[in-house]
Amino acid sequence: MNRLVLNLEPNALAYGFFPTGKQAPMQQGCIEDIRTDVTISDALKQILSQIESGDCPFPVESVALHVAASGDLFRSHTVATPSIIEKLKSYVPFAPMHMPVVLELIECCSLCLPGRPVALFFETAFFTKLPAREYLYAINPDALAGAGIRRYGYHGLFHEAATRAARASLGEKLNRPAKIVSVCLEPHPEVAAICGTEPVMISGGATPLEGLPGQTSCGEIDSGVLLTLSRKEQWGPEQLNQLLTQQSGMVALAGRPVTIEEVLLSKEADLLLAKQVLEYRILLRAGMALAAMDGFDQIVFSGRYAATGKVLGPWLQERLPSTGKSNQPVWKCYENSLMRIMAEQLDFVLQMNPTPGRAKARAARPCLIKEPTQ
Amino acid sequence: MNVLVFNCGSSSLKYRLIAFPSEAEMAAGEAQRVGPATAEPARIYHRTAGCEQQVHYADMPNHGAAFKEVMQLLKAAGLEPDALGHRTVHGGALFTQPARMDQEAIKRLEGLNDLAPLHNPPTLNLMHSCTQQYPELPQVAVFDTAFHATIPDYAYTYAIPEKLRSRHGLRKYGFHGTSHQFVVEEAARMMERPLAGFSTVSCHLGSGGASLCAVKNGRSVDNTMGYSPLQGLIMSTRCGDIDPALTLSLLTSMHGKEEAVEQVLNRQSGVLGLSGGSGDIRDILADAETDESARDTTSAYTWRIRKYLGAYLAVVGQADAVIFTDTVGEQVAAVREMVCRGLGCFGLKIDPEKNRAVSALPCDVAATDSRVRILVIQTNEELAIARQVYQTLLQKRPDTNAGKEFHHEPLST
C-alpha cells in the first residue's frame, strides 16, 4: 500500500511518501508557516501536488497522521472514523493548540483523498499503560481542575519501536520479559523503562517540559524557582511559559542555540556545562529505570539524534551496574525516523482497525492524483 | 564547654544543652505555642539529666521571650551554657560551613531571607534576642544547606538562563544536611570505614519533610530537595517533583497569587493531596490493604523514594550502604521493605525478618549476602549541631573518623 505520512510540527506540516514495499520515502519535505501564511488545506494540496509532480506513478492509498497529544483517550493507534473524530473533539480543551489542527487535517484528508483511510498514531498511547505509582502527581486533583492530570510521556512511538527492535535483538535468550532502558534523543529527550512491552517509568510528564532538559526546554525544576521568578520578575504564566519552553535547556546553558547532538558530541569548553548537565540527568533517569526494573538487559537509543548513542552508550555502560557481560556493549542505536516508524506500522494499524466499506469507497473516489500509467 | 542548641520552628523552640567533650546531655525541652496567644497557654516541656520532665507555663509572644524562659529554667537547675548553636535552614551560597554569628554575619544572613522566608526569620529573631540578652555568649549558626556545598555544578544547575540564575541565586541547595551528615558519619563509624572513602545514599524520611542524599567519598554530591524544600520526594503535604507546567497552570487558575500556589504545593499536596485523608504515611499504610486510594498513595510514595535510590546508587557507583533515618525511616519497616525489595541489581538485599524485628538502633537490616549494607540509624540533629559548634569554637573543622578534614569547594554562584 502506498503511504503518505504526515507530521504536524509547531508551524509546519512535514510529509513523507512511501510506496508499497519501500522503507525509505520516495519523497519527503515540509510545508512551512502553516497556521500563519498557509492554510492546512492548502498545505495538504501542496504536498499532494508535489508528490504528483515528482513523476510519482503511485497514488496515495493510505495516510498516517501523527498526533502528539491525546492524553489517555487512546490506548492504541487507530483509524479516523466519525466516532473517533468525536472522541478527538472532546480533547480540544486539553490541547487547544494542537487538536484543532489535527481535526482540520483529518477533514482535509477526507476531502482531498476520499476513501483513503487515515491512521492516527498517538504519542501518548504507549504510556497509558503506566502504573498509577508512576503517573500520579502528589497534588490534590481539585487544585488542578480535574483528575485527568497525570504523567504521560511524549515519545511513545520511538520508545515502542526501539524496544521492539531491542527485544528482537535479544532473541529468545531470556526466559522473562526483557528489561529495556529506552533513551529517545529528540529535541525534548526522554528516558523510559520498558519491561517486556509494558512501560514502567518515564521521564516526561503531563507535558514535555518535565524530565530531561531539551534544546530549549528546562526539564526538571523546583516549583519554588517559578514562584520566585513570578514574584521577583513580576512575570505572569505566559512569560514563564515562554522562558521554560523557548529560552531554557541547552540554549540557556550553552548561551546559544545548539542541538542535543552537538552538546553530547562536543569537546568545547563553552558547551561543557550543558554536556555535563544533560549526561548527568540521563544517568539519574537511567538509574531510576534500573530501580524500576531491578536491572536492565539493553539500553536503546532512538530519535533523530540516536547515533549519538554511540558516544553516550559506553559512557552510561561504564557507570551503571554491570549486567554480567561487561566487555560487550549493552546498548544499541535504533536510527529509524519517526516517519519510517509510522509507515512501517501503518498496514498493521489498518488491519487491526478494519472499517466497513473502505474498499467500496476507494473504488468510487474522485482522484486528485494521477493513477499510475502502465 | 556546655553548648546550648536551638532548633527554631515557626511556633516552637526546641533546645538541648550538651556538655563537651563528653557529649552528655544535661537538659532538653521544647517551648510550644510561641507567638500570638492560642486556645491553650504557651508552655515549655523541660527536663534535666536524671529528673522527670516538668511543664512550665509562661507567656511567650515571640522567640526572644521563649529564649529568656529557657535560660531561667536552666539557671534554676544550676546549668549555664558557654555557647549557643542555632540550626539554620538556609545558608545560601554564602554560608557553606558553620559560622560564628556576630553582627556582621547576622546582617549577611538577613540578606538570604528570600531563600527561606518561613524558616530563616524566626532564627534570626532568636539570634538578635540572644545578642541582646547574653552578649558575652558566642553564637554559631549551623546550616542545613552547608553539607551540600560540595554538590557539583552540573548537579545543582537548573537549565534556565544564567542571568536569571545569578540574579536570584536560583540553583539546587539541598536540605536536611545536618541530619544526612550525622548519619553518614555514624554509618562510616559503624562499618569501620574511613569517611573519605565511604559512599552511601542517605534516606532522611521524616513525618513531614523527606530527602535523599547521594554521598560519594564522604561528601554530598546530590540531594533530592532543590532551591526550596518543595522538590524531590513526595512528602507529608509537599508535592515533590511535578511538571513545571502544573505550577504555571496553578498560577493561572489562582490569578498569579504566588502565596496561594505555595499553600497548595506546600500544605495541601504530597501524601495528603494523594490520599485526601491524612498527610501521615503511617496512617495511609494502615488502610492500604483495603482502600484503593491508600494503596495508590503508598505505592506512589515508596516508588518515588525507590527511583531516587536507584538514581543515586548509579551516581555514587559502588555504595557501601544505604541509610534510613528520621521518623519514617527509623520506625516504618514496611516503607524500608517496599523501597529496597528487588534492588539486587545494585547489590542491595534486605532481610525482611531482620527489618521487621528492628528494636534498637542503630542496626543493619541487610541480608547476610547483601553487598551493600542497609543501616537504620537514629538521627540526632541537635548533637550534630552541638558538635559543629564545639569544633567551630575550638577553631577546627569537624573531625571525621578517618581523621581527615572536610573540604568545601567554592561555589560559583
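Placed from the backbone N, Cα and C atoms, the Cβ positions cover glycine too.
Record features, source TrEMBL:
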ACT_SITE  B:D144  active site, proton donor/acceptor
BINDING   B:N7, B:E381  Mg(2+) binding site
BINDING   B:K14, B:D280, B:I281, B:R282  ATP binding site
BINDING   B:R87  substrate binding site
SITE      B:H176  site 'Transition state stabilizer'
SITE      B:R238  site 'Transition state stabilizer'
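Sequence features, as recorded in TrEMBL, placed on the structure.
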residue: B:N7; record: Mg(2+) binding site; DSSP class: strand
residue: B:K14; record: ATP binding site; DSSP class: strand
residue: B:R87; record: substrate binding site; DSSP class: strand
residue: B:D144; record: active site, proton donor/acceptor; DSSP class: coil
residue: B:H176; record: site 'Transition state stabilizer'; DSSP class: coil
residue: B:R238; record: site 'Transition state stabilizer'; DSSP class: coil
residue: B:D280; record: ATP binding site; DSSP class: coil
residue: B:E381; record: Mg(2+) binding site; DSSP class: helix
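The Cβ of the residue listed as 'substrate binding site' has 21 neighbouring Cβ atoms from other residues within 10 Å, across all protein chains displayed.
Across the fold, the C-alpha of B:H176 (site 'Transition state stabilizer') and the C-alpha of B:K14 (ATP binding site) stand 17 Å from each other. Residue annotation for ATP gives B:K14, B:D280, B:I281, B:R282. The furthest Cα pair among them is separated by 24 Å.
Taking all protein chains in view, 15 other C-beta atoms sit within 10 angstroms of the C-beta of B:R282 (ATP binding site).
The closest partner of the residue listed as 'active site, proton donor/acceptor' among the binding-site residues, by CA position, is B:K14; the full candidate set was B:K14, B:D280, B:R282.
When the C-alpha distances from B:E381 (Mg(2+) binding site) to the binding-site residues B:K14, B:I281, B:R282 are tabulated, the minimum falls on B:K14. Put simply, of the recorded positions B:N7, B:R238, B:D280, B:I281, B:R282, the one whose Cα is nearest the Cα of B:R87 (substrate binding site) is B:N7. Note on the recorded positions B:D144, B:D280, B:E381: the fewest other CB atoms within 10 A surround the CB of B:D280. Between the recorded positions B:K14, B:H176, B:R238, the minimum number of other C-beta atoms within 10 Å of a residue's C-beta occurs at B:K14. Between B:K14 (ATP binding site) and B:R238 (site 'Transition state stabilizer'), the C-alpha separation comes to 23 Å. Long-range Cβ proximity for B:I281 (ATP binding site), meaning a same-chain Cβ under 8 A and a gap of 6 or more residues, is found for B:S207, B:S236, B:V271, B:T297, B:T298, B:Y301, B:V328, B:V332, B:V335. The number of other Cβ atoms within 10 Å of the Cβ belonging to B:N7 (Mg(2+) binding site), over all protein chains shown, comes to 20.
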